[in-house]
Amino acid sequence: MIKIENLHKYFHDFHVLKGVNLEIKRNEVVVLIGPSGSGKSTLLRCMNFLEMKDKGVLLIDDQLIDSDKKKLHKVRENIGMVFQHFNLFPHKTVLENVIEAPVHVKKMKKEDCIKIAHQLLEKVGLADKADVYPDKLSGGQKQRVAIARALAMKPEVMLFDEPTSALDPELVGEVLQVMKELANEGMTMIIVTHEMSFAREVADRVFFLDQGVIIEQGTPNELFDHPKHEKVQQFLRHVL
Amino acid sequence: MITLLYVKIFIYLENSLDTKRKVVVKIDKFINSFIQTFNGFVGATGMTLKLTIISLIMACFIGLIVALMKLSSNSFLNWLAVIYIGAIRGTPLILQIMWLYFGITHIIVLSAFWAGSIALAIHNGAYIAEIFRGAIQSIDKGQMEAAKSLGMTNSLAMRRIILPQALKRAIPALGNQFIIGLKDSSLVAFIGITEIFNLSMSEAAATFRQLEFYSIAGIYYLVLILIFTFIINKIEKKLDTGRR
């Protein structure tokens with residue numbers, strides 16, 4: 001469903017991604033791990049064009065996505081994204097956050113959107129918070145609203161950019177739980193995370209990124225228990 | 001209260017400045033002048049308000065458009081905004097008023113009122129543009145990213161997500177600019193619009209009682225500003241500008 005060939009990205013002189021190749025199939029859950037600064041987040045952000053690739057090929061559903069800025073927002077409608085810092089809209093209630101894009105981007109009927117939004121909030125366990133403003137929520141609740149907001153667009157793939165890194169440790173679990181359920185439902189997911197046990201549990205495949213290239217990939221079993229590359233072994237020794 | 005305070009201050013000033021003449025200004029004389037010119041000054045206050053409100057509304061539109069131009073990726077619009085703000089902030093308001101009223105009469109003849117309003121609008125617009133630009137830039141860039149990730153176009157995200165937050169954040173600075181705008185409207189006296197300052201000038205000139213009439217004008221301005229401030233504070237409270 002997503003295919004990336006020889007992707008390069010520069011920030012001025014800094015060569016962040018140095019030829020990344022990967023292919024992600026429908027319904028697959030893929031986890032990107034690696035040391036900080038390895039380009040995981042940048043790779044993820046290239047997939048929905050929050051960063052523009054400098055070189056390489058990006059195919060979504062076998063369609064070549066070029067950098068035609070006028071079409072990018074159409075592409076993004078099908079790609080949900082969850083951010084490290086939630087980025088909820090503070091001037092809107094939880095419900096308004098969730099219905100904002102379906103109503104104003106997809107031009108769906110407001111009543112229908114509200115119905116869907118209530119179902120989604122139920123799903124992430126926040127049915128009672130619909131009319132609350134985001135500043136009254138805990139970090140874990142905010143992130144679950146952000147997931148509901150992304151799901152409201154009925155995306156075909158969800159990108160998670162370190163969704164639990166900004167959370168207090170005791171709030172990590174509730175967010176991971178929602179993500180697990182989503183994975184079980186067959187959502188295609190690409191996740192950048194430092195939660196190794198979570199990665200091991202939900203991932204179909206794990207990619208290890210180091211200095212802008214994928215140096216090892218495999219099932220969680222292969223990568224966590226029998227890492228081949230020395231850098232991966234070293235990294236896992238530190239985090240596990 | 002305020003009236004009495006003013007009278008006391010100027011009695012003191014007059015006495016200390018001109019002890020030889022021993023001018024004694026009586027409070028009842030001052031109050032008499034105040035009452036006699038009350039109708040005139042109420043009319044003049046109406047003019048000041050009309051000028052201020054019309055020009056500030058126009059200034060807000062100009063400010064918003066110029067702020068967006070300055071933030072746009074189009075270098076021509078950028079350049080235009082920079083020149084506008086530079087030219088307006090770089091020259092005195094009185095010059096801009098004179099330029100519009102007397103200076104370009106061979107191109108377009110404006111009534112004094114519209115020359116004054118437009119000059120005030122263009123002038124305040126430049127400052128308001130910078131207020132809006134700052135407010136827009138102060139919104140976390142994650143907001144734009146989140147909006148885009150949901151499929152919004154740039155302009156939709158600006159309208160639905162960024163501007164509502166930015167305008168709220170701009171209100172304290174905007175209120176300050178409105179107060180400056182109200183006081184600066186006094187400069188249109190020099191193209192013959194009968195507003196508060198102009199009336200006080202002509203009354204003072206006719207009676208040679210400068211201190212008295214400029215003090216009266218001061219009272220009118222002070223009351224207007226107090227009302228303005230009150231309204232702005234109410235709006236700030238209502239919108240809870242402290243909250244993100």
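Glycine is treated like the rest: Cβ placed from N, Cα and C.
Heads up, TrEMBL stuff is auto-annotated, nobody curated it.
The domain 'ABC transmembrane type-1' feature in TrEMBL is assigned to B:45-232.
Annotation comment: TrEMBL describes B:51-69 (among others) as transmembrane segment. When Cβ-Cβ distances below 8 Å are used as the criterion, the transmembrane segment (B:51-69) is approached by residues 77-78, 80-81, 84-85, 113, 116-133, 136, 158, 174, 178, 181-182, 185, 188, 193, 195 of the same chain, each at least six residues removed from its ends.
What TrEMBL records for B:76-95 (among others) is transmembrane segment. Sequence-distant neighbours of the transmembrane segment (B:76-95) (same chain, 6+ residues past either end, Cβ-Cβ under 8 Å): 66-67, 69-70, 119-120, 122-123, 125-127, 129-130, 184, 187, 190.
Marked as transmembrane segment by TrEMBL: B:101-122 (among others).
Residues or ranges marked as transmembrane segment in TrEMBL: B:187-208 (among others). Within the chain, the transmembrane segment (B:187-208) has long-range Cβ neighbours (under 8 A, six or more residues past its boundaries) at 37, 40-41, 43-45, 47-48, 51, 93-94, 97-98, 101-102, 112-113, 115-116, 119-120, 214, 216-217, 220-221.
For B:214-235 (among others), the entry in TrEMBL reads transmembrane segment.
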